[in-house]
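I have placed the structure first, in the form of structure tokens, so that the comments after it can refer back to it.
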């Protein structure tokens, strides 16, 4: 099964970083968050990726074109015009990079890659700026079992601030970012049948609006509930939080070795 990843947005709330790179190339632990997302899928056997490029898409192309350089130690023999790669690291991935336009909306980007998934029974779809400890295989099995056109992952949004456990005026413990108000939201990890792309009109279509609402009205949208870790990287605060988890060795989304 293929995974389509949106990677063309501006990331204006991370402008400190995105002035020189697209948002999915902002790094967590020295690796682009796009890489983390692909590793999340890869550990569940997903090897074929379609990346919807847009704003500064050349940065993503350069990264994959020189992937082994980014991931390996290298010696440059300058006088001999020769390069030696040490402990070459590779991934078992097939990565298709598609220019989906600088200003296309989320639905428009998906429509532009329709030819790459049209013959598949179903495909995975997500955004290039969020991580989770989601059981990808379970979402696929859920989608196949219910027989509807679309599955979204429903999750609890993280709280913005840590919480205090106070008993009789005494602080007993701290909780890092407890869950939000109890209502589940669209977590942005989808399993879709190719026919859903017919609901997208053009580049100006936002996937989260008319297409998803139409699927819901038709009774063709199911929710896979994920109560575990989920965190988007919308702001610098989010990036710092994710970076901290990674550096402490407590990144829940890291389910690979």
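Note that the numbers count up from 1, one per residue, in the order the chain is shown.
Placement of Cβ uses the backbone N, Cα and C atoms for every residue, glycine included.
The substrate site recorded in Swiss-Prot comprises 6, 7, 8, 9, 10, 11, 12, 13, 104, 109, 128 together with one of 23, 31, 88, 144, namely 23. Counting every protein chain shown, 26 other Cβ atoms lie within 10 Å of the Cβ of residue 109 (substrate binding site).
Annotation note: residue 6 (substrate binding site) sits in a strand segment as assigned by DSSP. For the substrate site, whose binding residues are given in the record as 6, 7, 8, 9, 10, 11, 12, 13, 23, 104, 109, 128, the maximum C-alpha distance rounds to 21 Å. A gap of 9 Å separates the Cα atoms of residue 23 (substrate binding site) and residue 234 (Mg(2+) binding site). Annotated pair residue 6 (substrate binding site) and residue 129 (Mg(2+) binding site), C-alpha to C-alpha distance, rounded: 9 Å.
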